[in-house]
Amino acid sequence: MSNSRKMSEPPRFFVGPEDAEINPGNYRRFFHHAEEEEEEEDESPPERQIVVGICSMAKKSKSKPMKEILERISLFKYITVVVFEEEIILNEPVENWPLCDCLISFHSKGFPLDKAVAYAKLRNPFVINDLNMQYLIQDRRDVYSILQAEGILLPRYAILNRDPNNPKECNLIEGEDHVEVNGEVFQKPFVEKPVSAEDHNVYIYYPTSAGGGSQRLFRKIGSRSSVYSPESNVRKTGSYIYEEFMPTDGTDVKVYTVGPDYAHAEARKSPALDGKVERDSEGKEVRYPVILNAREKLIAWKVCLAFKQTVCGFDLLRANGQSYVCDVNGFSFVKNSMKYYDDCAKILGNIVMRELAPQFHIPWSIPLEAEDIPIVPTTSGTMMELRCVIAVIRHGDRTPKQKMKMEVRHQKFFDLFEKCDGYKSGKLKLKKPKQLQEVLDIARQLLMELGQNNDSEIEENKSKLEQLKTVLEMYGHFSGINRKVQLTYLPHGCPKTSSEEEDNRREEPSLLLVLKWGGELTPAGRVQAEELGRAFRCMYPGGQGDYAGFPGCGLLRLHSTYRHDLKIYASDEGRVQMTAAAFAKGLLALEGELTPILVQMVKSANMNGLLDSDSDSLSSCQQRVKARLHEILQKDRDFTAEDYEKLTPSGSISVIKSMHLIKNPVKTCDKVYSLIQSLTSQIRYRMEDPKSADIQLYHSETLELMLRRWSKLEKDFKTKNGRYDISKIPDIYDCIKYDVQHNGSLKLENTMELYRLSKALADIVIPQEYGITKAEKLEIAKGYCTPLVRKIRSDLQRTQDDDTVNKLHPVYSRGVLSPERHVRTRLYFTSESHVHSLLSILRYGALCDDSKDEQWKRAMDYLNVVNELNYMTQIVIMLYEDPNKDLSSEERFHVELHFSPGAKGCEEDKNLPSGYGYRPASRENEGRRSLKTDDDEPHTSKRDEVDRAVMLFKPLVSEPIHIHRKSPLPRSRKITANEVVSENANYLRTPRNLVEQKQNPTVGFELYSMVPSICPLETLHNALFLKQVDDFLASIASPSTEVLRKVPEMSSMATRSSPGMRRKISLNTYTPTKILPTPPAALKSSKASSKAAAGGPSQAMAPHTSSRKKSINSKTEGHEPKKSTGKKR
């Protein structure tokens, strides 16, 4: 078949028969001529055989796939297969090679391609895979050039060619978070590939905001395909292709063509995710066949013809709603698929016969295949199938958030401000390691000058400079965005404050330096998130482990077989991003560092204010609420009936309970203040005690930093006029909760009393700041949550799978009982404000009428008692489908609501509210039906029962089922080939009980023993109709609901935006950038540094930073959200 003729034909795809395995007794009929029986009856002399020669290295020609396929090709009546021996290929001249009519030859390491080309020229056989094109496939530059010429989508790339004799002379500029190659800028994360396709050492570089470092990919060695490295600088020798990193949610698709009309696709876990190769019980890498969409079939057709390779493998990346080709591998076969072996042999045999039969006068007609009939599983009885899981989750345990302000006038600060383009907007946010290192160097230099000369003209406050230095030196490394410095230009200095005399006030320009630190996820928070991820698996079909040997294997199987459409979104705060990554690690049983998981699995969701609140300031409604709240809590008398009415018109039992405990708010604040004074004096005493000199507190904090933290609260809580600043109550509660939980080994006195009182005050202040009356709660909640509500509505509506999702191919799937099933999971990780707001919407937005709905009334009674939405609070929405109901019936789709108030508090919280347990109406354990199957394997039905999403519908199940219960130990059993269980079965163990080991609070790596356990999920409602929920969400999201009816997935929205916005990463991690000593030369700089000559912007501006860099800087800042007491906690 000539190439010109091929190109004119439209792509036409076929697959083989439905029988996924054909035993040798049966498959002769597929390969022999249709009229074989009649032919055999004639006694005419036998026709000449067509000889197919296999010319490749022995490792390839003797591999299992090749043997399987050749065995099948040999069954064609007129075809004989001859395999060239490696000895002959390497050592004999081509004239001595065996003769053949058709040549299948391909390059691999050590193969003499030149000789194969010479042989083809000498003997002129029909060549299956063009040999000259195989030279080009060995160079990625040529591959990319051909792909581009064919109009096939590629990641944005640039080529860096280096002269090996002079590697330094090349067009590469490397920055901290980007490289510039031939004028093309690539922000991290980006990919660096050697130009030689035979070199598999591909590196992916991560941005400093995600922890920096790189993932080093290589040819599989045992169970590893990549390893994480702290090295952040690109390679300095060799030629490379640099390309934009594509966020594929941790999945690669490998496509295998056999001729232009046939392509088999398999998905596997991306080697860049955690570098762990998933293998089955036979030690083979786990891959699952997936369905290509029409665009991808066209790509396969183009690749096959452009490279003139009948048998050809290439890699697809599915990202941003598009499919990109990132590698063409040439001749390669699928491993371990009987169906593919049959199809491949049949197609190759037909190609050979079609081309050569006429020359050999062999009668041949191509057998026609019936179209594949799609497999449509049917169900009987009232069965429900899980279709969608949506969860909104608060971040995990974090360090207390802290802030220090100081006015600076030294020229060095102005120089830094100008260097970083601060004059453009009058504000500057510094959080990159290099920037923080510069601020630290300035602080060290000024302190050294102050130490050497007390009469120095340096105006900066010495104690504040020392605090700046101490905080920046904390942990010995800069890590993501756990610290940041903001500088604001003040043309006339700081405005006068009440304690400042007018005549002392300076009119000269100054900079307001605000140092923020803390608020980062603790090691305990990471454990919490990972454990919750593990527990979360148990909500999916097969989750209880009854048939599986370990809990949650239902989800792992669903996910690994690419029937799970998972997207994880997080707001742009480091603690939230890291919580999301740790949760994903537990949910999907991943291993290794969080940075690669973060970059590939977690999407930033601050577009449209989805999880971040847009406004910097409080809304007018919040201002009114805050003022009223502060007024009530400033009265020095016991709460009156009128106060109860004013503070809790909604009748919240948790708030009433706290008011009973407090009685007189001012007297309680007095007690809290005196307890803080007692605490600071105890810490001072410890600091003076030589035995406590080197004491290390939790997460590298020192006694000095702990004292500063509490001293600042002591100073800020009670104002100069003797009144209390109520907005500091959440901070006090935050700090004491942290110390009781993590620094209990100090055994400070009265900490539990301070915890109890500050919690009672916080239990009033925090929830009531989101509104006192129901109308206010709803108004404030809408301000925070409307974009999120719209997105949730769109998630529930999109019950039809789109073609960009990885779908399992039903015909090729062995041992997967329900290949058509697809479950969508959307996880939204955010801060406290969104969780409070979403819960307010559910409670007060009129979803159900509690006077008519008994189940909703019970749920509202339970929520009334919940006093805190702690770390890892979850609101979970689950959508089920009943395939037996008519598509237009309201009963077709069914929604459930579940809720957990998150982590349990400290020891004394014995009276946690308890609901009615986790009672999904569609419990698979209830009334489970036995499956009748025709499968020959007797154990299959039991094994695959795990894999069913069909569950019996029962409105109420009385027994509470906690997803955090301790699971039984896995029972011993043979794991079948298709189950995805890594040989390091680290998640086969019983989940770690999230801790109540209080006996020895300091034991364990990073104090694992202090990770608080998480309250189990409670069912709020398990019998809602989708229409009812949709109408409710539409009413909340109005007036612009209709515009967002077709909200696309965030990934596709990102595609349409500029390339710079395609992947916005603003993350945090524990991969350190080491803090450097200040260079001696800088310390010797003259003391004549002038005080403050910078009256305005200088003419010499720093180079213009790229818009991408600017967007990262501006968006990732934790802008003092809401200047309020409880926001973004």
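Glycine is treated like the rest: Cβ placed from N, Cα and C.
Positions annotated as substrate binding site by Swiss-Prot, on the basis of similarity to another entry: Lys59, Lys60, Arg219, Lys220, Lys254, Arg268, Ser332, Phe333, Val334, Lys335. For Arg219 (substrate binding site), other Cβ atoms within 10 Å of its Cβ number 10.
Sequence annotations record features per position, and here Swiss-Prot assigns ATP binding site to Arg140, Lys193, His200, Arg219, 243-246, 252-254, Ser270, Asp315, 327-329. Taking the Cβ of Phe245 (ATP binding site) as centre and 10 Å as the limit, one finds 24 other Cβ atoms among all the protein chains shown.
Sequence annotations record features per position, and here Swiss-Prot assigns compositional bias 'Basic and acidic residues' to 921-945.
For 1081-1098, the entry in Swiss-Prot reads compositional bias 'Low complexity'.
Annotated phosphoserine per Swiss-Prot: Ser44 (among others), in sequence order.
All protein chains considered, the CB of Ser229 (phosphoserine) has 13 other CB atoms within 10 Å. According to Swiss-Prot, the phosphoserine annotation covers Ser229 (among others), on the basis of similarity to another entry.
Positions annotated as phosphoserine by Swiss-Prot: Ser1051 (among others).
According to Swiss-Prot, the feature phosphoserine maps to Ser1058 (among others).
Per Swiss-Prot, phosphoserine is recorded for Ser1066 (among others), and the stated evidence type is a large-scale study or a structure entry.
According to Swiss-Prot, the feature phosphoserine maps to Ser1106 (among others).
Sequence annotations record features per position, and here Swiss-Prot assigns phosphoserine to Ser1107 (among others) based on similarity to another entry.
Annotated region 'Polyphosphoinositide-binding domain' per Swiss-Prot: 377-448, in sequence order.
Swiss-Prot lists 904-945 (among others) with the feature region 'Disordered'.
Annotation source Swiss-Prot lists region 'Disordered' at 1070-1129 (among others).
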Distance from Lys254 (substrate binding site) back to Phe245 (ATP binding site), taken between C-alpha atoms, in Å: 18
Fewest-neighbour residue among binding-site residues, criterion Cβ within 10 Å, set Glu243, Asp252, Asp315: Asp315
Greatest inter-residue Cα distance in Å for the substrate-binding set Lys59, Lys60, Arg219, Lys220, Lys254, Arg268, Ser332, Phe333, Val334, Lys335: 24
Spatial separation of Lys254 (substrate binding site) from Val328 (ATP binding site) - C-alpha basis, Å: 10
Lys254 (substrate binding site) to Asp315 (ATP binding site) - Cα separation in whole Å: 5
From Arg140, His200, Ser229, Glu243, Asp252, Asp315: recorded positions whose CA lies within 10 A of Arg219 (substrate binding site): His200
Spatial separation of His200 (ATP binding site) from Ser229 (phosphoserine) - C-alpha basis, Å: 16
Cα-nearest neighbour of Glu243 (ATP binding site) within the listed binding-site residues, Lys59, Ser332, Val334: Ser332
Residues of the region 'Polyphosphoinositide-binding domain' (377-448) by DSSP state, where helix covers H, G and I: 28 helix, 24 strand, 20 coil
Other CB atoms within 10 A, centred on Val328 (ATP binding site): 24
Integer Cα-Cα distance in angstrom, Asp252 (ATP binding site) to Val334 (substrate binding site): 15
Candidate nearest Arg140 (ATP binding site) in space, where candidates are the binding-site residues Lys59, Ser332, Val334 and distance is Cα-Cα: Ser332
